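The next block holds one structure in the form of structure tokens; read it before the comments.
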Amino acid sequence: MDPLAGMDDSSTDDETASQTTEDDPQVPEQSHIPPPAPIVPLPPPPQPAPSTSAPQRERPHYQQRHILRGHTKSISAVKFSPDGKLLASCGAETVAKLWSPETGEFIRNLAGHTEGLSDIAWSSDSLSLATASDDTTIRIWDVETGVTRKILKGHTKWVFCLNYSQASNLLVSGGCDGDVRIWNVARGKCMKTLHAHLDYVTAVHFNRDASLIVSCALDGLIRIWNTSNGQCLKTLAEGHDAICQHVQFSPNSKYILSTAHDSAIRLWDYQSTRCLKTYTGHVNAKYCISACFSVTGGKWIVAGSEDHKTYIWDLQTREIVQVLEGHQDVVVAVAIHPIQNMIATGSIDNDLTIRLWTDRGRGLSA
Amino acid sequence: MNEALINPFHTLSHPTSIQTTLPAAALFAKFDPSGRFLATGRHNGAAEIWDLETKNDIRCLDGHVKPVTSVDWSRNSRYVLTSSKDWNIVVWDLASSCDPPQRYSTLRFDAPVVSASFHPKNSKIILALLTTGEAYLCDTRKGSKSRTQLHEVVDGERAGADSGSSRRSYMTVARFDPQGKYIFIGTSSGTLLVFRTRTKTMIARHKISGANVMKGLEFTRNGHRLVTNSSDRTLRQFILPSYAHLETPTTSTPTTAPHSPSSSPSPQPPPTQEIWEQDLEPTHRFNDPINKTAWHAMSFSPDGEWLAGGAADSAAHKVYVWDLSNDGQFVSALDGGREPLTHLHWHPKKSITASTTNQGNIHIWHCPNPERWGAFAGGFEEVDENVEYEEREDEFDIEDEAVLLERKMKAEEEDVDIDTIAVATSPPSNEPAFSKFNTSKAGTPAPNGDTTATLGTTPQDGLGGTGRSDSPGDMAMHVDVSIDPDALWAEEDPDDDVPGGWRMKVLMEDTDDSDDEHDKVGLTMIIS
């Protein structure tokens with residue numbers, strides 16, 4: 001079932017990379033991990049009929065399942081493939097790594113960049129992976145063979161973030177030169193350069209039909225762009241000294257979710273420029289920390305934190321419903337499995353692990 | 001979904017300038033129903049699919065040995081049909097992952113094919129028109145495989161009888177209506193024949209006086225209006241009558257009463273088997289009064305409020321635009337340079353048209369929005385002129401922070417919906433037949449409001465009677481659609497073209513020139 005099983009693993013230049021640990025000695029209270037069991041189609045457990053009067057909400061019950069060791073420098077991004085079969089991660093070393101979310105096994109390295117990596121993105125067919133590197137290029141990889149299909153050159157400084165469009169014919173990237181570039185994936189050529197910001201562009205994201213791009217930068221602004229003509233449609237400025245770190249459209253593209261350095265995550269209605277929800281309680285004042293929508297079970301917002309924890313909020317009530325502890329350093333990267341109740345988190349300097357957390361279904365909302 | 005941000009007033013203007021030109025070597029170009037792709041037909045027998053987002057040719061469908069005469073898209077863009085002068089129609093499946101895509105099926109005829117189209121509800125039903133002036137309805141479904149010639153029934157003759165065929169005129173254009181319920185065929189003698197798709201029988205004949213040879217037919221998306229192109233160099237717009245009274249006898253009695261317009265020769269609706277003969281009077285005639293140019297093609301805007309006509313000018317590329325919501329007033333003649341126009345098609349959703357030149361280039365026209373510089377400043381709003389600011393009574397009152405916070409928290413109580421995708425984002429063609437009638441983008445959800453509202457209150461000759469009597473007819477059609485035997489028939493044994501059921505795979509071109517090109521750039525920089 002693993003598409004890469006049995007493939008030549010000659011690119012595994014890092015022998016220690018394939019080690020996975022099923023228990024974590026450092027976190028004894030969460031060390032009880034049952035042997036790997038097929039967790040794919042978990043039928044939702046029989047739920048008592050939700051009483052209409054009781055306002056108590058379902059809570060998630062994520063538990064640590066795997067620790068993925070192998071990165072030797074700070075992790076910058078983790079992403080599940082859209083079909084859920086692979087997990088890709090990257091960090092300050094020059095390779096991107098592929099893992100099996102099912103077993104936690106290391107699968108292969110994607111080696112070719114000459115500098116560290118800041119971001120990765122999957123094409124919607126899960127066959128290609130794009131990586132953004134400090135060597136100013138973006139590489140598009142054939143995941144099955146591990147071969148570089150395209151090298152996208154154009155950015156004049158480090159490439160910091162990137163994302164595919166839903167149709168995967170376009171790629172958008174943001175660089176430390178303040179530019180946002182739109183790429184033609186089939187040709188590997190830059191179609192458009194938007195001089196979008198005056199500082200590092202820290203996140204870029206397409207909406208569902210790829211008609212809009214949202215970007216944010218260390219200049220503190222969130223901007224929305226018309227993909228077809230490159231015009232700026234709107235600028236959202238977060239209040240005061242809240243410099244936005246990460247921004248993305250909601251799954252239906254009606255809202256955007258932003259994380260900012262005032263330790264707040266905000267959900268915006270970008271049409272009316274209104275902040276609809278604010279999620280607080282975590283610590284975020286220094287690092288670029290991403291947040292995620294989780295819609296496989298209940299509706300949660302998930303984000304890392306500088307207090308080494310990962311926080312899960314209820315989308316509607318804005319309450320913290322679970323805190324995942326285990327990492328030994330700042331959790332900067334977080335990703336949500338597209339089908340199962342699974343979270344991947346990645347940490348930096350003193351930790352360098354990726355942890356996979358699963359919710360076995362007790363907390364599924366009806 | 002994002003229209004409000006891109007186009008805050010929800011107006012669909014007409015395109016005004018060329019955004020880009022695709023060097024496609026094409027004879028014509030047609031948008032797919034989603035508006036993401038463009039299919040072109042070429043003189044060498046190939047057809048190409050272009051991605052409008054990347055402006056790239058992404059597929060080459062090479063299956064004919066003579067020029068392609070028409071292309072058509074299935075409703076969710078999965079299948080593409082090409083017809084050619086090599087006597088064949090080829091259906092292609094774009095969901096196949098190999099490049100070039102494999103042909104899905106081939107239909108062979110005994111003469112060159114002039115045009116072909118998919119049934120709007122099932123791509124396994126194909127309408128073909130041959131150079132011999134014959135039209136065929138080809139049903140390729142397993143249970144009902146058939147190829148039926150559509151015969152014009154002439155006076156005093158029953159369908160199927162062969163005598164008097166000399167009096168029949170050549171069929172010069174054949175189209176399904178947008179619901180696929182009827183087939184409209186234009187003839188060389190200036191008549192419009194209407195066939196019922198399901199029974200393949202002719203039900204009506206409309207004489208269009210002065211039209212001569214019919215050259216083209218286009219419908220508005222809701223199927224209420226039709227524009228014809230004919231050899232008298234005039235485009236005519238008609239409001240289509242309802243054919244509901246030509247149904248089976250059981251339903252004919254209640255629905256027909258409003259339908260026998262005073263101009264109809266027979267006051268009583270004809271029995272089912274007979275042909276409804278009626279002259280249609282156009283609501284508008286569009287022509288070029290000065291140059292008297294003929295028209296190569298015409299196309300409605302998605303909301304049916306604009307009509308674009310491609311002039312058959314031998315020395316210029318001219319697209320004429322008329323405003324149908326403003327009584328068909330001529331709006332502008334867009335100049336596309338010196339390469340004469342051969343084909344024109346309007347985007348299914350946006351204010352974009354594609355016009356093809358005789359050199360094979362495709363001009364993509366758009367309506368440029370002016371850059372709004374205010375968009376770069378957060379929290380600022382542009383105003384058209386100076387406004388005297390009036391301060392609210394409590395505007396600068398200092399409020400207790402706790403109260404402020406509480407108010408903010410309260411405002412955030414409201415539930416948000418992050419993952420339901422609004423229905424409007426899916427193309428209207430995906431929707432069931434009944435709602436399709438109401439998805440007119442003109443913003444007139446009332447079923448009978450469309451024709452009257454969009455055409456203004458001072459229609460030209462003949463509209464008064466037809467237009468008004470038509471409205472109840474729409475109602476009748478609505479009732480009819482919900483139990484529509486025609487739709488049921490068409491949706492039997494459906495094709496695999498389900499909404500969201502396939503994805504156009506992005507094929508990466510194996511051009512290892514990224515490094516070479518880099519060098520070239522370096523070289524040119526040195527030279528300059």
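Every residue, even glycine, has its Cβ placed from backbone N, Cα and C.
Note that this is a predicted model, so its numbers are computed, not measured.
Here is what TrEMBL records for this protein:
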| type | residues | note |
| --- | --- | --- |
| COMPBIAS | A:10-26 | compositional bias 'Acidic residues' |
| COMPBIAS | A:33-49 | compositional bias 'Pro residues' |
| DOMAIN | A:68-358 | domain 'WDR5-like beta-propeller' |
| REGION | A:1-60 | region 'Disordered' |
| REPEAT | A:68-109 | repeat 'WD' |
| REPEAT | A:110-151 | repeat 'WD' |
| REPEAT | A:152-193 | repeat 'WD' |
| REPEAT | A:194-235 | repeat 'WD' |
| REPEAT | A:237-278 | repeat 'WD' |
| REPEAT | A:298-323 | repeat 'WD' |
| REPEAT | A:324-354 | repeat 'WD' |
In the repeat 'WD' (A:298-323), how many residues does DSSP call helix, how many strand, and how many coil? 0 helix, 14 strand, 12 coil
When the repeat 'WD' (A:152-193) is classified with DSSP, how many of its residues are helical, how many are strand and how many are coil? 0 helix, 25 strand, 17 coil
Whole-number mean pLDDT, the repeat 'WD' (A:237-278), equals 85
As a quick check of your reading of DSSP, tell me how many residues in the repeat 'WD' (A:324-354) are helical, how many are strand and how many are coil. 0 helix, 15 strand, 16 coil
